[in-house]
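Please read the structure below before turning to the comments.
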């Protein structure tokens with residue numbers, strides 16, 4: 001999977017710009033606040049129909065403009081195809097091959113990306129919410145079924161929380177509706193949990209050898225999925241549903257008193273263990289960075305396995321955060337295999353032969369200078 005061209009109109013600090021992309025490495029050089037990260041963000045947004053930096057799409061529209069547009073031409077093994085995204089102050093519209101998609105679940109997955117930025121180090125040391133978002137963003141790109149199940153779960157979770165709040169305040173008294181919601185909640189909670197557990201298992205199988213390679217076999221990495229709803233995965237679907245319903249039933253009074261759902265995938269977490277120790281609590285900064293790098297490289301391989309195409313890699317000012325050995329391992333792994341976009345203030349710190357086959361663009365105040 002390659003991005004051949006990227007066109008922006010009224011996106012952030014860009015007026016109109018077209019980037020003809022190199023199939024291997026594209027390096028965007030410039031001082032801070034010139035638009036390097038905005039350009040990478042536009043590729044991410046084109047892929048996932050949402051920014052990783054803001055939940056407010058209006059912020060993506062250039063000041064005093066009415067709309068923003070992102071368009072990219074992609075090449076796959078079987079041919080080329082354009083993707084288009086229009087953003088207005090009333091909403092957004094996405095197109096695949098010039099055909100409007102009525103649902104985002106039909107759109108997401110045509111362009112797969114892996115983003116690695118300094119804040120991604122928080123996947124290890126940050127909050128459970130960051131790790132849940134990581135699962136949803138990566139798994140959602142390779143499984144439209146997961147995206148749909150997650151959307152249904154979030155819809156029912158919102159309904160259930162609203163009803164629990166009404167019960168807590170005494171505005172509702174009938175528990176029959178809560179039981180109905182719990183039945184629907186359990187069905188999609190099980191589906192989301194199942195797919196997350198399988199994803200983490202697959203990711204671990206790829207991350208372990210990568211981590212061992214980076215550390216010269218001095219460290220062993222393991223990933224542990226920590227679901228809020230604990231049930232026996234070996235059971236059949238009916239037995240698992242019954243087990244989840246039992247948990248929800250036993251805690252119905254607690255949830256009513258608290259006015260919120262206390263169990264479900266929205267409270268899941270992942271732990272990353274290095275040599276049997278939790279990297280979040282006991283890992284050094286170097287171990288946490290190696291773990292994050294191993295996970296990102298494993299994502300790339302997993303996407304290729306699942307969809308038959310390597311994703312596009314977005315490295316947002318992250319090379320400066322990696323020491324020479326980690327940087328070399330990253331660049332050697334992706335060389336001639338993964339189309340990559342790199343933002344940096346200087347290429348002086350990039351000491352790798354990958355530079356011999358890279359295209360450099362200088363970014364200055366929302367303009368691209370070759």
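For all residues, glycine too, the Cβ spot is worked out from N, Cα and C.
What Swiss-Prot says about this one:
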BINDING   30, 31, 32, 33, 34, 35, 36, 37  ATP binding site
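Taking the mean position of the Cβ atoms of 30, 31, 32, 33, 34, 35, 36, 37 as the ATP site, the remaining same-chain residues with a Cβ inside 8 Å of that point are 38, 343, 345, 363.
DSSP assigns residue 37 (ATP binding site) to a helix in the three-state reduction. For residue 31 (ATP binding site), the same-chain residues that are 6 or more apart in sequence and have a Cβ closer than 8 Å to its Cβ are 345, 364.
Taking Cβ-Cβ distances under 8 Å and a sequence separation of 6 or more, the neighbours of residue 35 (ATP binding site) in its chain are 12, 13, 14, 363, 365, 366, 367. Ranking the binding-site residues 32, 34 by other CB atoms within 10 A of the CB puts 32 at the bottom.
In this structure, residue 30 (ATP binding site) belongs to neither helix nor strand by DSSP; it is coil. Here residue 36 (ATP binding site) comes close to 28, 29, 30, 316, 317, 343, 344, 363: these same-chain residues lie at least six apart in sequence, with C-beta atoms under 8 angstroms from its C-beta.
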